[in-house]
Amino acid sequence: MTISDAEFTQRNLAVPLSHDVTGTSLSRQHWLQSLRFQVPVMALLVPLLQLATLYLVSGEITDSPAFWVSICATQIANLVAASSFRSIKRVPGTRKLGFILPTVTACYGVLILIAFAFRIPYSVWLVGVGYGSALTLMWVFSSRVRAAPRGGLHMIMSDQTAELMNDLPQLPFTILETPRSLAALSKGAVIVDLREDLPSDWEREIARAVLRGIPVYHVKQAYESLTGKVRFDHLSENHFGSLVPSLSYLAVKRVIDVVVSVAALALLALPMLMIAALIRLTSPGPAVFKHVRVGYRGERFRTYKFRTMKQVEQNDDDLDSQITRDADPRVTNIGRFLRDSRLDELPQLINVVFGQMSLIGPRPEAQALSAWYYERLDFYEYRHVVRPGITGWAQINQGHVTSIEDIFHKTQYDFYYIKNLSPSLDFLIALKTLEIMFSRRGAR
């Protein structure tokens with residue numbers, strides 16, 4: 001008898017890629033970190049702090065339009081910030097406290113931009129106090145470090161769970177060898193392959209463990225949340241539904257892509273011209289490199305990048321020439337800097353405006369590489385269900401791809417992105433990309 005995945009669904013399992021289980025939903029969430037607590041507290045305390053500050057500064061509380069706009073707008077910004085941060089915390093590999101500042105800043109930044117664009121009056125003092133109060137309260141809510149699950153992580157052995165243990169040797173798993181050992185368990189979390197044909201005594205004890213309040217996770221779900229990757233062995237088992245991401249968000253995402261890309265091209269026109277001039281001065285050949293890639297729905301298109309390699313004859317159908325290796329001798333000195341800082345990708349903003357790419361998504365592959373992957377990886381073409389991106393989940397989590405095993409893991413990252421496509425995940429990828437650009441460290 002096989003237990004279905006739906007019987008033990010745990011939607012919020014999320015563990016950082018460092019394999020540290022601290023602060024994950026494998027342990028019980030503290031009441032301080034519940035939105036049902038955070039939102040009412042912020043809705044009450046922030047206006048009180050705003051009123052107190054206004055009274056101390058001006059000696060009175062005015063009933064002006066700017067006053068009410070500021071109070072209401074900060075309430076909306078705080079609600080969006082708290083909800084967004086909660087979504088970000090579910091993503092593997094996030095440093096929880098490190099994302100409070102950019103999340104709150106982004107929400108208040110949008111608030112100020114809207115007020116500026118529509119000439120809506122607001123109080124700088126009130127918005128500033130709301131911003132500072134939101135940062136402080138969210139830090140207090142999230143700074144209580146939750147320990148790893150009391151009782152640890154326990155594994156019911158199977159081929160799939162053994163593979164998970166091999167992939168994550170840093171995590172301390174305890175093996176439950178008999179149903180009696182599970183029956184004696186009073187705390188902790190259990191990981192099991194729910195598709196395994198388990199003996200009836202195991203199934204009874206699993207059901208009893210759930211009744212005792214012990215969380216039970218399907219091994220594939222645990223793998224996804226521990227690694228930020230999706231095992232895509234069968235179309236049905238990863239809950240892709242219709243296999244098409246949210247059409248409503250894709251429409252909004254397209255509008256954001258166009259607006260941001262047009263604005264970025266206008267602002268970065270002069271720096272891009274300077275980069276092009278440096279490339280022409282330091283090595284012979286054109287400044288912009290054009291390359292045929294496979295993109296949205298498998299369609300071929302010509303992508304643009306600043307040239308980072310010496311000018312050599314290249315065949316789009318030649319597999320070997322499409323792979324860039326570590327310390328590749330073809331890369332120029334200025335090209336190495338452009339690659340490390342991601343500035344070589346800036347001309348692809350043109351591809352985004354034309355609708356061939358998105359700002360965030362799976363990277364577009366060269367024709368030869370795409371054909372090679374297709375022959376070796378099942379469901380590889382599914383990554384073309386969304387527009388390819390200038391940056392993406394695989395790029396911020398993985399380095400150069402130089403082997404079939406690396407390609408397999410990269411595709412798993414792409415499937416994770418497609419399955420979990422959302423504003424919060426895109427926002428997280430954007431933040432991590434900026435961090436990599438400015439630090440010149442991290443995945444490429």
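Going from the start of the chain as shown, residues are counted 1 onward.
Quick reminder: no glycine exception, Cβ is built from N, Cα and C everywhere.
Marked as transmembrane segment by TrEMBL: 37-59 (among others).
When Cβ-Cβ distances below 8 Å are used as the criterion, the transmembrane segment (65-85) is approached by residues 35, 38-39, 42-43, 46-47, 50, 54, 99-100, 103-104, 106-108, 110-111, 115, 120-123, 126-127, 130-131, 134, 138, 142, 423-424, 427 of the same chain, each at least six residues removed from its ends. Taken from TrEMBL, the feature transmembrane segment covers 65-85 (among others).
Taken from TrEMBL, the feature transmembrane segment applies to 97-118 (among others). Sequence-distant contacts of the transmembrane segment (97-118), counting only residues of its own chain at least 6 positions beyond either end whose CB sits under 8 Å from a CB of the stretch, comprise 69, 73-74, 76-78, 80-81, 84-85, 88-89, 127, 130-131, 134-135, 138-139, 142-143, 427-428, 431.
According to TrEMBL, the feature transmembrane segment maps to 124-141 (among others). Sequence-distant contacts of the transmembrane segment (124-141) (same chain, six or more residues past either end, CB-CB distance under 8 Å): 32-33, 37-38, 41-42, 45-46, 49-50, 53-54, 57, 66-67, 70-71, 73-74, 77-78, 81-82, 85, 97, 100-101, 104-105, 108, 111-112.
Residues or ranges marked as domain 'Bacterial sugar transferase' by TrEMBL: 253-438.
Annotated transmembrane segment per TrEMBL: 255-279 (among others), in sequence order.
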